[in-house]
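*Asks:* Dumping the structure here so I can ask a few things about it.
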Amino acid sequence: AVIQTEVAEDPEKISTVHLQLGLPLVFILSHKETYEADRRTAEFVAWQLLGKAGVALLSRDLVDLNVLHRSNIALKTPDEGMPIQYLVLEDTDEVITLVEDKNKVIQIQEDEQEEEDEDEEENNNQDIQDDQVVEAVSRDKKRELPLEQILVLTEESFHSSLSQAARTVVLFYASWEAVSLAVLRSYSEVAALLKGTPGVLLSRVNCWDWTGLCSQENVTQFPTLRIYQQGQHSVTYGGMWGTEELSSFIVLSQVSCPLKLATMDEAEGYLRGEFPPELSSHHHPSLLGVFSTATSEAREAFEEAGNILSGHVRMGMYFEEDALALSQKYSVSPPALLLARSRGRSVEGISLSKHSVQDMVQMIRNELLDVFPEITVPNLPQYLQLGKPFLILFSADDISQMESKEMLKVAKRRTQQEFVACWLNLKKTPVGHGILRTYFATTPSLPVLVWVNLRGGGQVFQFPSEQPITELNILSWLEKLQAGLEIPSSALSEEDWKPPLPAYNFLQMMEHSVAELSPQPGHSPAQQPPSSPGGDSATQESRAEKVVSPGRDLRGTAPRLAARDKQGKRHSEL
């Protein structure tokens with residue numbers, strides 16, 4: 001029998017027989033994507049509170065409540081004039097205690113007020129927070145994320161939802177973990193950018209709620225982003241977590257990598273960025289492999305490299321009879337790569353001399369790097385991994401056309417790409433101010449040109465400020481550097497950059513907890529007295545009841561920031 005009620009209006013306007021009899025009314029706040037779990041939770045709570053309170057299941061999708069999104073319980077008392085209490089509880093035991101102990105509401109409110117006071121105190125002392133991601137999430141945690149465009153998946157809906165679109169993007173995250181919450185913000189921005197994109201469905205799974213599903217999908221770290229194609233093959237994302245990088249990966253994953261082109265017109269359209277239509281509105285460099293029938297080894301390596309780089313690089317492949325004519329148009333012969341930038345206005349022909357997959361992947365990554373890039377936080381790792389010195393121009397804003405032209409000449413003339421010529425916009429990337437303070441005792445006037453070799457003693461050299469930044473002046477200065485005729489402005493410390501506080505060893509904590517729960521010698525479970533007069537059979541029935549009782553952890557209602565803010569403390573407090 002159904003003993004709970006389903007309602008779809010403001011709780012303030014609802015009156016039931018329970019309220020008329022002087023009993024409280026408990027609302028389980030539900031969402032459409034977790035309706036089944038919420039209904040089971042409501043039914044379980046209703047049986048537990050039979051004769052003590054009424055239980056109603058309220059759909060938040062049908063009623064516009066001006067309360068926190070994470071609130072999952074509402075309590076309405078029969079006392080006239082008493083406001084409805086909206087709470088965040090973690091399991092059904094707390095709901096039962098709430099009804100049975102009239103002082104519990106006051107206690108919960110006091111606890112939440114204490115947590116808010118602690119949060120405010122933490123925000124006023126952010127300078128001692130050792131984790132910048134935790135700090136940012138803690139500061140913004142009261143801001144509701146716009147997640148309406150992202151489908152919430154559960155154990156019941158996961159597999160059926162994968163077949164709804166050609167490609168389903170799934171973010172696996174943990175609602176208590178700081179990096180997951182930071183990525184969730186980027187993901188919500190991606191959803192807004194890609195809204196209406198045909199054949200792409202954005203979704204999320206909270207692994208804190210659905211541990212079995214995440215274990216089944218072999219999710220071993222949070223967050224993890226995967227793209228499932230027709231519910232079968234999946235690709236795991238391995239790049240930076242910024243909005244631009246995530247959206248680029250999702251967009252590029254819409255087409256095969258490499259994409260096989262059938263005609264010369266398709267190949268030319270591909271280089272111009274017009275083909276395939278799914279990518280025509282997105283500006284990515286196009287890389288086209290051109291192969292003859294005699295270059296099967298290189299073609300196979302290129303195909304395997306495409307599988308590795310899928311979602312990160314726009315790659316096409318052409319191996320028709322007129323492949324030689326296409327490659328010779330750009331002064332190369334098959335096997336070759338054609339690299340098109342600026343939608344085909346600049347096409348560079350590159351001969352393929354190495355045919356191993358690893359060599360080809362590394363060569364493709366290096367060729368896609370800009371000749372004179374602007375250094376940002378997301379792209380810095382790509383250039384650091386080259387292990388080369390940096391010739392970097394720091395600018396207060398965009399660099400002038402003359403500076404860009406002269407630096408580009410230097411970048412193109414460098415011998416065998418022996419260093420990375422680049423620039424950094426301090427207005428766009430303010431972390432550059434901290435870099436300059438590390439390089440120099442006092443911040444120099446801008447723009448300033450700096451040479452730094454992180455792997456060669458960390459010496460920092462400053463280009464003479466009285467000289468104009470021209471190709472000839474820069475090359476002359478670099479020659480003096482190589483000859484040891486210039487004095488370094490400073491040298492970076494060789495000390496490792498370590499966290500301010502030691503790492504928090506969760507596994508050790510778990511092992512310690514397990515050890516405490518292990519039976520002590522001479523105290524085996526069989527020696528324990530029965531917990532009820534009914535003996536062992538009653539105990540077994542009680543255990544069975546606990547196993548099958550649904551909805552015990554309220555996981556179906558709202559993202560459970562479990563042990564929620566209490567686990568977000570600084571490491572020094574844990």
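Here the Cβ of each residue, glycine as well, is placed from N, Cα and C on the backbone.
Remember, TrEMBL labels are computer predictions, not curated facts.
Below are the features listed in TrEMBL for this protein:
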COMPBIAS  562-574  compositional bias 'Basic and acidic residues'
DOMAIN    5-94  domain 'TXNDC16 third thioredoxin-like'
DOMAIN    150-250  domain 'Thioredoxin'
REGION    110-131  region 'Disordered'
REGION    516-574  region 'Disordered'
*Asks:* Give, as a single whole number between 0 and 100, the mean pLDDT over the domain 'Thioredoxin' (150-250).
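*Replies:* Result for the domain 'Thioredoxin' (150-250): average pLDDT 90.
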*Asks:* Using DSSP, break the domain 'TXNDC16 third thioredoxin-like' (5-94) down into helix, strand and coil residues and give each count.
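*Replies:* Summed by class, the stretch gives 27 helix, 22 strand, 41 coil.
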*Asks:* As a quick check of your reading of DSSP, tell me how many residues in the domain 'Thioredoxin' (150-250) are helical, how many are strand and how many are coil.
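*Replies:* The composition, in the requested order, is 35 helix, 25 strand, 41 coil.
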